[in-house]
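*Asks:* This is the structure, below, for whatever I ask next.
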Amino acid sequence: MKIEQTLSIIKPNIISNNFIGNIINRLEQAKLYIIASKMIKLSWKEAVSFYIEHKNKSFFSDLINFMISHPIIVQILEGENAIKRNREIMGNTNPKIALAGTLRSDFSNDIIKNGVHGSDSEESADREIKFFFKKDRIFSRI
């Protein structure tokens, strides 16, 4: 199996509902190790820059307004097939159709306020990790 790193974001609704520990516990139980983590409040400019690929989609402004509404936790997860495994743990982007037992099914009920974000490919993970973390702030387990 391949050891990978992926970006994970715990979104504002999880923070405001005090479910942070629940999310981290599930990730740790899945043997996804947190190798960098910080709580931040995104500016409008940062949120637009991070989600630029969605700029022409109908939900873009709702997503940006949500992501700047409260702090978020950004973290780097490391483990075997971390990208795929994190996405499986998160569940479908739409919590209403996410499988029971996934993070989105258990902790959210709205497609915009869906609780968590995870990189969807190695390229995305690399870009997203660099967006939030300097190399000297990442402490790999390998």
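Cβ coordinates are placed from backbone N, Cα and C, and glycine is handled just like the others.
Not my notes, these are from Swiss-Prot:
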- His117: active site, pros-phosphohistidine intermediate (ACT_SITE)
- Lys11, Phe59, Arg87, Thr93, Arg104, Asn114: ATP binding site (BINDING)
*Asks:* Count the Cβ atoms, other than its own, that fall within 10 Å of the Cβ of Arg87 (ATP binding site), considering every protein chain shown.
*Replies:* 19
*Asks:* Could you measure the widest C-alpha to C-alpha distance across Lys11, Phe59, Arg87, Thr93, Arg104, Asn114, the residues recorded as binding ATP, and give it to a whole number of angstrom?
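*Replies:* Farthest-apart Cα atoms in Lys11, Phe59, Arg87, Thr93, Arg104, Asn114 are separated by 21 Å.
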*Asks:* Including all protein chains displayed, how many Cβ atoms other than that of Thr93 (ATP binding site) lie within 10 Å of its Cβ?
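*Replies:* Counting Cβ neighbours of Thr93 (ATP binding site) within 10 Å gives 14.
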*Asks:* In DSSP terms, helix, strand or coil for Asn114 (ATP binding site)?
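*Replies:* Coil, per DSSP.
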